[in-house]
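A.B. asks: The structure that follows is given in the form of structure tokens.
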Amino acid sequence: MIKKASLLTACSVTAFSAWAQDTSPDTLVVTAIRFEQPRSTVLAPTTVVTRQDIDRWQSTSVNDVLRRLPGVDITQNGGSGQLSSIFIRGTNASHVLVLIDGVRLNLAGVSGSADLSQFPIALVQRIEYIRGPRSAVYGSDAIGGVVNIITTRDEPGTEISAGWGSNSYQNYDVSTQQQLGDKTRVTLLGDYAHTHGYDVVAYGNTGTQAQTDNDGFLSKTLYGALEHNFTDAWSGFVRGYGYDNRTNYDAYYSPGSPLLDTRKLYSQSWDAGLRYNGELIKSQLITSYSHSKDYNYDPHYGRYDSSATLDEMKQYTVQWANNVIVGHGSIGAGVDWQKQTTTPGTGYVEDGYDQRNTGIYLTGLQQVGDFTFEGAARSDDNSQFGRHGTWQTSAGWEFIEGYRFIASYGTSYKAPNLGQLYGFYGNPNLDPEKSKQWEGAFEGLTAGVNWRISGYRNDVSDLIYYDDHTLKYYNEGKARIKGVEATANFDTGPLTHTVSYDYVDARNAITDTPLLRRAKQQVKYQLDWQLYDFDWGITYQYLGTRYDKDYSSYPYQTVKMGGVSLWDLAVAYPVTSHLTVRGKIANLFDKDYETVYGYQTAGREYTLSGSYTF
């Protein structure tokens, strides 16, 4: 289960006094400042998901993991592999920065937002999730929050697993990590997942031809990593992974034209790095390369037919980051460089393009008595829109032992994507979308309950929108988002409880109308316990009302979508110390609901799996 540590420990061993909870060590995170620090020293709300959590929940997709977390609202055009969006605290899907091992997800470069329905869950060993602005550390996209998916495996050994389930779901996975001498270790993984799916039935959205077929998903994944410790302080690594996905979906049909209802995605990523981990100084230099090819085509004609579309992007990055322990805290500085290139036709842009971005940043964290101060500033120089600066600052006050008040303010931005700049309807004069955010929070430990309550406001300006009359994109939109987030976890005897509540009022600041596809309220509850060696888990999620557009007729009408309560039940049993069997029922009461208007969800689903470790 997710545990929130509340020991106010230091960047060094003696820097911070204890902040009363349990005696377990404080969880270390790397996403906030790009280097390890105790989670309790991160003033922004931070959640960590481990591989053990994912196995306990028996999640078969990254979206199933993220939907359980505070502030996250997932929408999807159907089942596995179908187009999905992540909304964090009411911001746009394009306002979420997704990192893979600290490197920006390549697929987000074309559309402007990350679709994690395509990313293999088998690669995920850990997720670090931070709410609030982080552009002052990472640059573009980090308005609503940052999701950092970490693929590095910590435990040596070999695991073989297999699973089966509803809609002909099947999954086979083999992974191993082995030591080669005292200083070198190698990790390998292979994964195969397939489901026939079901008919997502996009009512009225498929044109004049009904598509009563199953919309399935197939994914094949390979991963490899080599790590070596040269000395106690110096280490290096080389890592690579790739996946080959095929998705069938319901597409819009025009008589006499090919029906582009199949997606084929190839993606590969490679990175290498050198790290220095001294007592006072830490430094790392990391380079990466990724290449994605995303086809949409009619299977009767093939993906190389002239009717098919291809989005192809290559991304190159170099990151140099440094962190120095100073007093009761640290100062960090770094520079990162990114280059993205596309082939002609990508993002409906006739010519290929080349975009470069160089960012320099400074971070600081310091403890002064009962106060904790955190700050960051960054300047980006982009080949398309020039220079842009962001900054953020936070302060925490432990006014009573075990209780803390936190206040923060930050600016962030989102760069225009390829299609908005250079597409047929593009505008090369677009500016970045800009955000100003305020947050106040109380957190503490009361009678064994570890809790946090936050209130926030986010004003987003220069939002890019499409004008139906001029057929162009412009920076004229504004959004005003207000929200409250409450989280708590506690134990009652053998039962472990994790609960969160989100209230989000996300509105168009010009028309005062609700932003589409955001649930106004969410309640999430996780209950875990062990009984006679059986590990049980119950997940509850309430999704409140939301609004969407009915695109089946013009002019498009706004529709209100009702709320729903969902229950999952999971159980695991260790047959031996090496063999574990698991079973799960998702959507236990078979609720009929939609998160995108016109696209059905799966209903009740069953899965059965087993894993053998040695």
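Cβ from N, Cα, C; glycine included.
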A.B. asks: If I go by Swiss-Prot, which of Asp199, Asp232 binds Ca(2+) 1 at the same site as Gln211, Asp213, Asp215, Asp250?
C.D. replies: Asp199
A.B. asks: Pick from 63-73, 107-117, 371-381: which stretch is listed in Swiss-Prot under transmembrane segment?
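C.D. replies: In Swiss-Prot, residues 371-381 carry the label transmembrane segment.
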A.B. asks: Tell me, if you would, which residue among Asn92, Gln211, Thr309 (binding-site residues) has the fewest other CB atoms within 10 Å in the structure shown?
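C.D. replies: Sparsest of the binding-site residues Asn92, Gln211, Thr309 by Cβ contacts within 10 Å: Thr309.
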A.B. asks: About how far apart, in whole Å, are the alpha carbons (Cα) of Asp250 (Ca(2+) 1 binding site) and Tyr551 (cyanocob(III)alamin binding site)?
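C.D. replies: Roughly 14 Å, rounded to the nearest whole number.
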A.B. asks: Before we move on, state whether the transmembrane segment (158-165) and the transmembrane segment (602-614) share at least 3 Cβ pairs under 8 Å, counting only pairs 6 or more apart in sequence.
C.D. replies: yes
A.B. asks: To the transmembrane segment (263-277), which of 184-195, 217-227, 232-248, 535-550 is linked by the most Cβ pairs under 8 Å?
C.D. replies: 232-248
A.B. asks: Can you grab the distance from Asp215 (Ca(2+) 1 binding site) over to Tyr249 (Ca(2+) 2 binding site)? Cα atoms, rounded to a whole Å.
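C.D. replies: Each residue's Cα considered, Asp215 (Ca(2+) 1 binding site) and Tyr249 (Ca(2+) 2 binding site) end up 5 Å apart.
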A.B. asks: Using Cβ atoms and a strict cutoff of less than 8 Å, what residues sit near the transmembrane segment (403-417) while being 6 or more residues removed from its termini?
C.D. replies: 8, 19, 43-44, 92, 94-95, 109-112, 132-136, 140-143, 347, 357, 382, 384-385, 388, 390-397, 430-445, 464, 473
